[in-house]
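Q: One structure, as structure tokens, below. Some questions next.
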């Protein structure tokens, strides 16, 4: 099911990217008037869920199929049905869009059905691989090491969801209800993304001819697992899992338990890395730049303004970019193309540089107090904020161009390659 998972992840990224463009349009001076305000939050939810959650977790399943193979005929169909449910309700504009963190939600039966099906498939894929993952948890091979950790972390997400359910409170308070439900598992999801990011960096380094064998760093997974266990217990320990004290606890766990091991692994990679203009090198360096830009913003201090999505997009799109680079390798390995598309380097630069501008624009606007998750620009007439939001829009255009080129290229290559394979048979 590796190739169907690849196609599904690309389609999800493309649809989520389209919704991201609409969201950015609705935040841009003057242009926001062209966008229907009632649909802003549906587009925002759809963008996050499809371009980040569904895309990253589907691609993670693809990587599990490669590195930790197990017979698993059901999980793909569950995540496919889940994707369709989430996509349809996001595009329809029906239900109540709730801008909670980690898994923004549309309060509608179709969204719930989609989310349940998707995560059931994802967790099933992790459960069938759990025995192999535990055996390889401290492998000296960094790609096996990191992906094995991601399998265990997926199960930790499930446990955190179960411990969070009793603390959700009244459904009449929609934002708090879903914030409490997703806070602990959402943080563990970031640990999982971190593990997959490490896999991607080491895999790209290997494609560049730089092999790594972990020594003491192979035990860095203990940090991921220890702090994820603590996050599972957050709803048990704290009366309210999103209280101020609980949030401080989870943010410290995130900063120490995830941040420090990734810094150590990044240093391990960078000390032997040399830049060149190959697809893999461009991908790896831009991915690291985006990640450390996002993390630097977080360590500099965050408030509830546009600095939060600036941090989040820096950290998360570093993984998206890394997976784009790996995708170019996959389509060659599948035999769908002999050489990289001519636009590959241009596409990676456009997406990576665009996201850097996007993150900086959000950060500067947030530094001046621009609120997050807000339609239009009526909250300010500060020229600096408006200029920063304009910078965000320029970055968005670049990133969208890069994203569109990537999605179209991958779909065209995939469909032609699959057709050629069928014809050959």
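In case you wondered, yes, glycine gets a Cβ from its N, Cα and C as well.
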Q: Transmembrane segment per TrEMBL: which of the ranges 7-29, 76-98 is that?
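A: Residues 76-98 are the ones TrEMBL records as transmembrane segment.
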Q: At a Cβ cut-off of 8 Å, and with pairs 6 or more apart in sequence only, do we get at least 3 pairs between the transmembrane segment (144-162) and the transmembrane segment (216-237), yes or no?
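A: Counting Cβ pairs under 8 Å, at least 3, so yes.
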Q: At a threshold of under 8 Å on Cβ distances, which of 76-98, 110-132, 277-300, 384-408 pairs most often with the transmembrane segment (182-204)?
A: 277-300
Q: Report, as numbers and ranges, every residue of the chain located at least six residues beyond the transmembrane segment (312-331) whose Cβ falls under 8 Å of a Cβ in that stretch; write 'none' if there are none.
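A: For the transmembrane segment (312-331), the list is 6, 9-10, 13, 51-52, 55-56, 59, 190, 193, 196-197, 200-201, 203-204, 207, 279-280, 282-284, 286-291, 293-295, 297-298, 337, 340-341, 344, 347-348, 351-352, 355, 358-359, 362, 399, 406, 410, 413-414, 417.
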Q: Any residues 6+ beyond the ends of the transmembrane segment (277-300) with a Cβ under 8 Å from its own?
A: 197, 200-201, 204-205, 207-208, 255, 259, 262, 266, 269-270, 307, 310-319, 321-322, 324-326, 328-329, 340, 344-345, 348-349, 352-353, 355-356, 359-360, 363
